[in-house]
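According to TrEMBL:
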BINDING   400, 401, 402, 403, 404, 405, 406, 407  ATP binding site
DOMAIN    10-161  domain 'ATP-sulfurylase PUA-like'
DOMAIN    172-384  domain 'Sulphate adenylyltransferase catalytic'
DOMAIN    392-543  domain 'APS kinase'
Ligand code: PPS
């Protein structure tokens, strides 16, 4: 089947430059909505025609029809609800027919929207119909229930300006820019490869094979908007893609970055990706096993069947005007020293493969990654962002009563780690933080939580940037400690150390004389005396300080860090 080639420009939602300047000034007086990162991605593709034929965020009829039937109310195929979710408070001040300004994170007005619809969606139904299950293990369902606002606003958009990107500008193209590029180069058939992962040799082989088989040119079209939580950051990935691009024969292949916020909606997402690629001037798209899969559900089963996405795409490809190309699973055949499609390998031949999990293990332990698997330039980029654990940042988080010995052990640990060298070490001691970061705070639950969240934020930044943060507050509340753990674990290890000196012993030592004052009621809300302390259930380490010297306590922590691979043995 040959798809008709049409590289004429597609409609965008922008007004002319002059009108945009005027509108921007007028829009300054409108009620404005600060867009979330996902909404900014959606708005960009709405405005530049990536989501053609949508003219704005969906209204209620279109939304219901998309959720139920994968079609707009007029019957046009559209699988994904593109909605402007807002909180109830904001929605209450909006009249139907009113224009609102849509602003980016810095307050720049990107567009205006005439609100034609306001409604409270049935999120459970949206989750079931669009994502296949009302299960928070699905990233988009989790977003729907835990991040998206309760009310949806819909209406047409008037585009003022594109969101500003400071990174990889030359690699970002609107649909019309890509269409013009293909026209200029005389590319009559273009096969798109959608990806959110680094490309290795097998991907290079399969994409080029797909292009050869369809007699098409190849567009590597990676998503740099929002992908699956835990994915490799797009900065690293784009540097990797640049390296792989050199491996294709000249003038066959190009790369362009797509600022899409993925939903990981498997089959529906594949159809959505197809429509987006069609808008970008592509005639074909590679769809593989488990396309845009969200991983396992809360019962540890797959959300979608492995070929559901391919099947749904095939059903709709004529209507979409873009043809599916099967993703050939390529394997390395050792004795032939080349990649071959898995289903064409001679019987008995030894095939080699490295799974994603194995690759992550080798990166985290600094082990060899062979050249048959990936390109040296790609591996070297990955090693920079995923250095071995012994070179990554991490946080040691002490918790325990006042006077339990946290600061003393933390200091000893800091000195020992500094003696080893290699990574910068920062101590965020309870007292010091309260002098500098949290000087206005007291000891109510609210203030203690604020204090710990601040410490957690600083520690997460240190961890992210490859340093060692040692925190030593009382941190009496388990839920707050867990929240800090979650913040930090995105970037590196979180090692909770409970300094388990009993309250009796702390009071007996009473180094600062505070327990005496607390008993006399001169200090209120004193942890362990007149304020609660949640004993950690599962800390990485519990240290006793009664009859154990400081040096020994610090040494126990070093041994733990070593066993976790965080410091070299
Ligand atoms: S918290 O709960 O984590 O925010 O506390 P933290 O920031 O670690 O501050 C504890 C230090 O403040 C002194 N202090 C008190 N502690 C507990 N309760 C009350 N009401 C209180 N008032 C003052 C005390 O010296 C703690 O220091 P450490 O180093 O823990 O002994």
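Any Cβ shown, glycine's included, is placed from N, Cα and C.
For ligand 1, the neighbouring binding-site residues among 401, 404, 407 are 407, by Cβ distance under 6 Å. Ranking the binding-site residues 402, 404, 407 by other CB atoms within 10 A of the CB puts 407 at the bottom.
Mapped onto three states, the DSSP output places residue 400 (ATP binding site) in coil. Highlighted in sequence order, 474, 499, 501, 506 have their Cβ within 8 Å of the centre of the Cβ atoms of 400, 401, 402, 403, 404, 405, 406, 407, the residues recorded for ATP, and are not part of that set.
Here the domain 'ATP-sulfurylase PUA-like' (10-161) returns a mean pLDDT of 97 for the predicted model.
The Cβ of residue 403 (ATP binding site) lies under 8 Å from the Cβ of 501, 506, 507, 509, 510, 511, 512, 514, 515, each of these being in the same chain and 6 or more residues away along the sequence. Taking Cβ-Cβ distances under 8 Å and a sequence gap of 6 or more within the same chain, the neighbours of residue 405 (ATP binding site) are 499, 501, 545, 550, 553.
Within 10 Å of the C-beta atom of residue 406 (ATP binding site) sit 27 other C-beta atoms, taking all shown protein chains into account.
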